[in-house]
């Protein structure tokens, strides 16, 4: 008994402030007018003012044509405001993503309740559940065990450098299929660099004569990880936020149509990703794995090294087996919820009331129920382990859905699409690669999600005017926005690889440019063929 007093921890929790108290111990300095001005007129504050200033200019001066375009002008002004803040990072990206919650009602675009609903729907549920499962995989070090096991399969004797590179890239692509590509890159890069640490360093920092093949292989591994994560993420809905934004916009613009399911996207996305993966591996082998490189690398890379690291992890624990079981069950449920019209899947039992997000959250909930077998009363996951949930990505997805809905309801999409009317007379085989290239060019300077959010509503209006199925333009635009292969700033995955110090911008351009061209070519061929078969799964739409 504690004499009626609360436990110390609980007492401290009640007394402690929500945020730590900051004490200013610096000596007092008289603050003059010049000092105040210097603290106010900083570059960051100028960028903050740039957003509303550009919005005011657009709302007051823009001439969109038509009779009543006030709401469309306001929406365009809000878009300019948000993209100015996103590009300059004047305000943290998650906070900018929340700005539609007050900007849309204040500018008369939509009601507060309506815009708030964009931040929590089945797609957002899908993301949250997937991220919780990814955190469980990371917490129990399953990704490292998986990477070592798969890499050992490809680390044959005598060493074959292209085959080992294939193992590292294939592992990264597989991991990226089931979690966000940035998370997959962050997970796999330490594994890849751990392998590279066995190789001798550069000649400038070592007395040992280092063969050029060693440096080339290091570049190939880092480039393979960052690009394989992007390519693997294209094949599933959960692999990248762009696919989720596309699904959310389809649901927002065409609520009467069947939603795009996990399995239906996989049947289109996986063949595309597989073709791109083969090209990526071929490019890396030609540029960075010359003949005889395996013989030069074999003194530093032995299968025994990988086996030793795997033995250090010990046998698979009960917790790891349970997490893998839950993860595998989730994938099976995703793939079988809605298959075809003839084979409807288990989702028909619930009359279409369940979605992929329903399954994702349900399976994630099991992690908080199943014991971990380590300590009595402990479960596989607790909320403390979920503090690393990437809420910035969740909020960005919500902002994307809100912007898509605002562009549609305000009439801005219809107005802007008139500027691209020249595309309506062009044949589809020419439009698909054009749309893909436009998206692939913009995405080098803005985020993939922002590019998709901007382009897809316009492509929907163009598809309506062309009297073709909207997905025939939406998919090339969304896929093209993921082809950020040329610059380190194109995507966070590129930044992760660039900070290792093994690659330079010229390496990214040399590898990324042919990969971008190949992706555009594959997409141009697959959309009128496999894409048509995918679209036939949906009932005809009135476009």
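Quick reminder: no glycine exception, Cβ is built from N, Cα and C everywhere.
From the options 468-487, 488-507, the stretch TrEMBL describes as transmembrane segment is 468-487. For the ranges 154-175, 176-197, the feature annotated in TrEMBL as transmembrane segment maps to 154-175. Annotated range for transmembrane segment in TrEMBL, selecting from 15-39, 265-289: 265-289. Scored on C-beta pairs under 8 angstroms, the neighbour of the transmembrane segment (468-487) with the top count among 123-142, 154-175, 220-245, 391-408 is 220-245. Within the same chain, the transmembrane segment (78-103) stays apart from the transmembrane segment (265-289): fewer than three Cβ pairs sit under 8 Å, each pair at least 6 residues apart. Here the transmembrane segment (123-142) has long-range neighbours at 178-180, 183, 187, 237-238, 241, 244, 247-248, 251, 313, 317, 319-320, 323-324, 326-327, 330, 355-364, 367, 380-381, 385-386, 388-390, 393-394, 397-398, 401, meaning same-chain residues at least 6 beyond its ends whose C-beta is under 8 angstroms from one of its own. Counting Cβ pairs under 8 Å to the transmembrane segment (265-289), the top-ranked stretch among 47-66, 154-175, 391-408 is 154-175.
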